[in-house]
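Chemist: Okay, here's the structure, questions in a sec.
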Amino acid sequence: MKDCASDVEKKEITRRTFLKMATGAGLLAGLTGALAGCADKNPEHAGGKGWLPYQYNVAGNLPAQVRGRVPIDADNPSIVRDDRKCILCGQCLEVCENIESVYGYYNLPVVDETICINCGQCSMACPSGAISERDDTQKVFEALADKNKFVLVQTAPATRVALGEEFGLKPGTWVQGQQVAALRRLGFDAVLDTNFTADLTIMEEATELIKRIKGEVKKPLPQFTSCSPGWIKFCEYFYPELIPNISSCKSPQQMFGALAKTYYAKEKGIDPGNILSVSVMPCTAKKYEAQRPEMNASAAYWKRDNLRDVDVVLTTRELARMIKEKQIDFTALPEESYDQLMGEETGGAVIFGATGGVMEAAARTAYFLITGQEPPALFLNLTPVRGLAGVKEAAAEIPGVGTLRVAVSHGMANGRKILDAVREGRAPWHFVEFMTCPGGCVAGGGQPRTAVPPTDAVREQRLAALYKADASLPKRNSHENAEVAALYHNLLEHPMSELAEELLHTEYHSRADKLERLFAKVV
Amino acid sequence: MGALVDITKCIGCESCVVACRLYNGLEPGQNEGYRTAQDGNTELAPNKWTVIQSHRTEKSEKQIRRFVKQQCFHCLEPACASACFAKALQKTPEGPVVYNEKLCVGCRYCMIACPFGILRFEWDKPFPRVLKCQMCLGRLADGQMPACASVCPTGAITFGERDKMVGEAKNRLTSNPDLYTGQIYGVKEAGGTSWLYISDVPFEQLGFRTNVPEKPIPEYTWQVLRWTPFIFVGWGALLTGMYLYTKRRAGVHEEEEMYAPVDDDGK
């Protein structure tokens, strides 16, 4: 009996048996639930915890006004996109389609490249900073640290009225002297001015215009300016039949690059292979322009294949970043002057940064080259081509020639109006200026993002600063630039000479095979 | 429901990729910001349920470039769901094949089953999940398009009833026979999928799996798996029978021994 009693005691629920039983029951319930797929009465699926901007939360297929974003290739030399910051607001597409008339003006399917004119206006409109310029500052820092490199820099006309905004100064503050000082503090071996080649461009371009008008060059009128690389690419894509109208002159940046490794190198006795040619530009398309295969005049000149005329292009924003990285107190810098040989400027060069500026400067010098007299007051204040109207026209009397008719546009949607008129044979103009960016280079795709999206108020302040500088300079005509005169005397002989053609002129090529053009926007 | 992707209309802006990330709350990886051409195409990942892949190929002896959107095809008879004994992957009546992480045991049979190689496993997580496109089930419930379809600026993605999408695809092919190849990918592949594609370039040139059987994958598995109950019961019966037989034989043997005549030796 005693034995039986001890057996009963053993079967009592102990802590051990309870845990075993509970675990077994749990496992059984879990397995049953899992197998049946009904463990969760309200099954949750993964995802769906985030958000989308308002315009995408519409039922069905209602069209949204702004939908999606622009395509940017991973190897785009001008702009990059940080997908982590993109909020699909569609502002980039809005600019590309309505301001630059690129997106929506080509048929699909794409051929073999992403259509982009590299203007960077999308980066100016991007509220989250997801689109920005391709950062090349490290290349410059490395070269500056290399004792064997002669690092030479040129600065565009428009950077000097915008760089200050990165350091808290008011839009349009004139910081030319501080910019030079900052570049010296960064360690550049020579600080030179693109204004020098802006004047040179005018000498070449005005000469070409006169030759076209006189029929000495068998090229059609109107002559188109060629300083804005985004516009050039736009024309190559969408209006290839009008390429002969484009001036053969390179842009001031590329003229400068070609001369930096030829004229400057010879005069200073520097091996061109040791020169790193840097430019500071208000423009992202300049990064693309510097990479164009045609832009290696110095390589042809020295017969050294590996030379590029401009090695690195920095935007105004990148220069500001470099100054901040080196902790240079920009606003406290003294005003310094550019180095000699390729550092002189005139008022005509300064206004290159404004819409209508190239036109006005060219008109002044064309008047001089035709009449041999200094241009009258009208040419020094060609007000009809100033300001922010999309398309501007002007007519001015040049004794001995007649009326010079000119037109100016900025933003390629405005440019299309002129281009369509030229294509249809209803263009009365002799000379037309195209600028890719609204307002011209002052509001280029590489300028400080003082207002997002850029406003006319900021553009006007920067433009006013350029015209004020022009009015205050002792020399206002490009043909008065003494260093340009010295260049012709020492090397080029005269505008459009054989060597000038070799170094300063180029040809453009149709890109029509890269897309199927649409002459009206896709609805 | 279904979606029709017209490859000829894709410009490679990857709006759909960002929309998917934003709506599904997928955290981008540290290196997923800027990309260079050297980085190549991005692949599907646990935090990337859709990607755009760029393909350079030839058409009429000319170099061309096409962009292909990748995501779960949402098969009409999904192999992944049939392979999932935990029912973590299920086909919903609306069309999406959705994943419920609370039921997932992490066996990854679904990954082996998927004929398109879409599902991705969180290898670096202590409690990993198997993730893929959910066709934005929540948005569908609200009468909206999936996030990716709603943001496409060129209309490369059309969304609606699958039958209508098939009809739309056929319309496009017949109205523009010079452009398209004439094939609708996804009508028959793996028994039919909710995502359909049309293209002007043969699909095999664009990285599509063109050797996917037309019969639904679960039908293949069913040919084997339908024997499971019989094998389960039969095997049990066989073993029980063998157990009973051996037990009885041992009993008989013991009995025989017990009642066996004692040897004359008397030991």
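The backbone N, Cα and C atoms fix where each Cβ goes, and this holds for glycine too.
This is the feature table in TrEMBL:
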type	residues	note
DOMAIN	B:1-31	domain '4Fe-4S ferredoxin-type'
BINDING	B:Cys10, B:Cys13, B:Cys16, B:Cys152	[4Fe-4S] cluster 1 binding site
BINDING	B:Cys20, B:Cys133, B:Cys136, B:Cys148	[4Fe-4S] cluster 2 binding site
BINDING	B:Cys72, B:Cys75, B:Cys80, B:Cys114	[4Fe-4S] cluster 3 binding site
BINDING	B:Cys84, B:Cys104, B:Cys107, B:Cys110	[4Fe-4S] cluster 4 binding site
DOMAIN	B:95-124	domain '4Fe-4S ferredoxin-type'
Chemist: Using DSSP, what's the helix, strand and coil tally for the domain '4Fe-4S ferredoxin-type' (B:1-31)?
Modeler: 13 helix, 5 strand, 13 coil
Chemist: In sequence order, which residues at least six apart in the same chain have a CB under 8 Å from the CB of B:Cys13 ([4Fe-4S] cluster 1 binding site)?
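Modeler: In sequence order, B:Pro153 meet the Cβ cut-off.
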Chemist: For each of the binding-site residues (B:Cys16, B:Cys114), count the other CB atoms lying within 10 A of its CB, then report the residue with the highest count.
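Modeler: The residue with the most neighbouring Cβ atoms within 10 Å is B:Cys16.
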Chemist: DSSP helix, strand and coil counts for the domain '4Fe-4S ferredoxin-type' (B:95-124)?
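Modeler: The composition, in the requested order, is 5 helix, 5 strand, 20 coil.
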Chemist: Chain A sits near which of the binding-site residues B:Cys75, B:Cys84, B:Cys110, B:Cys148, B:Cys152, counting only a Cβ gap under 8 Å?
Modeler: B:Cys152
Chemist: Do you see any of the binding-site residues B:Cys10, B:Cys16, B:Cys104, B:Cys107, B:Cys133, B:Cys136 whose C-alpha is within 10 Å of B:Cys72 ([4Fe-4S] cluster 3 binding site), and which ones?
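Modeler: Of everything listed, what lies within 10 Å of B:Cys72 ([4Fe-4S] cluster 3 binding site) (Cα to Cα) is B:Cys133.
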Chemist: Cα-Cα separation of B:Cys152 ([4Fe-4S] cluster 1 binding site) and B:Cys133 ([4Fe-4S] cluster 2 binding site), in Å?
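Modeler: Their Cα atoms are separated by 17 Å.
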Chemist: Minimum Cβ neighbour count within 10 Å among the binding-site residues B:Cys80, B:Cys84, B:Cys107, B:Cys133: which residue?
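Modeler: Looking at the binding-site residues B:Cys80, B:Cys84, B:Cys107, B:Cys133, the Cβ with the fewest others within 10 Å is that of B:Cys107.
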Chemist: Look up B:Cys152 ([4Fe-4S] cluster 1 binding site) in the DSSP assignment and reduce it to helix, strand or coil.
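Modeler: SS state of B:Cys152 ([4Fe-4S] cluster 1 binding site) = coil.
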Chemist: Count the Cβ atoms, other than its own, that fall within 10 Å of the Cβ of B:Cys104 ([4Fe-4S] cluster 4 binding site), considering every protein chain shown.
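Modeler: Excluding its own Cβ, B:Cys104 ([4Fe-4S] cluster 4 binding site) sees 22 Cβ atoms within 10 Å.
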Chemist: Give the three-state DSSP assignment (helix, strand or coil) for B:Cys75 ([4Fe-4S] cluster 3 binding site).
Modeler: strand
Chemist: Could you check what DSSP calls B:Cys84 ([4Fe-4S] cluster 4 binding site) once collapsed to helix, strand or coil?
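Modeler: For B:Cys84 ([4Fe-4S] cluster 4 binding site) - judged by DSSP and reduced to three states - the answer is coil.
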Chemist: Including all protein chains shown, what's the count of other C-beta atoms within 10 A of the C-beta of B:Cys148 ([4Fe-4S] cluster 2 binding site)?
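Modeler: Step by step: centre on the Cβ of B:Cys148 ([4Fe-4S] cluster 2 binding site), count other Cβ atoms within 10 Å, giving 28.
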Chemist: When you average the Cβ positions of B:Cys84, B:Cys104, B:Cys107, B:Cys110 for the [4Fe-4S] cluster 4 site, which other residues in that chain have a Cβ within 8 Å of that mean position?
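Modeler: Checked against the 8 Å cutoff, the neighbours are B:Cys80, B:Ala83, B:Phe85, B:Ala86, B:Ala88, B:Leu89, B:Val105, B:Gly106, B:Arg108, B:Tyr109, B:Val130.
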Chemist: Spatially, and counting Cα to Cα, which of the binding-site residues is closest to B:Cys136 ([4Fe-4S] cluster 2 binding site)? Options: B:Cys16, B:Cys80, B:Cys104, B:Cys110.
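Modeler: With Cα distances computed to B:Cys136 ([4Fe-4S] cluster 2 binding site), the winner among B:Cys16, B:Cys80, B:Cys104, B:Cys110 is B:Cys16.
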Chemist: Between B:Cys133 ([4Fe-4S] cluster 2 binding site) and B:Cys114 ([4Fe-4S] cluster 3 binding site), what C-alpha distance do you get in Å?
Modeler: 13
Chemist: Which of the binding-site residues listed here (B:Cys10, B:Cys16, B:Cys20, B:Cys80, B:Cys114, B:Cys148) have a Cα atom within 10 Å of the Cα of B:Cys107 ([4Fe-4S] cluster 4 binding site)?
Modeler: none
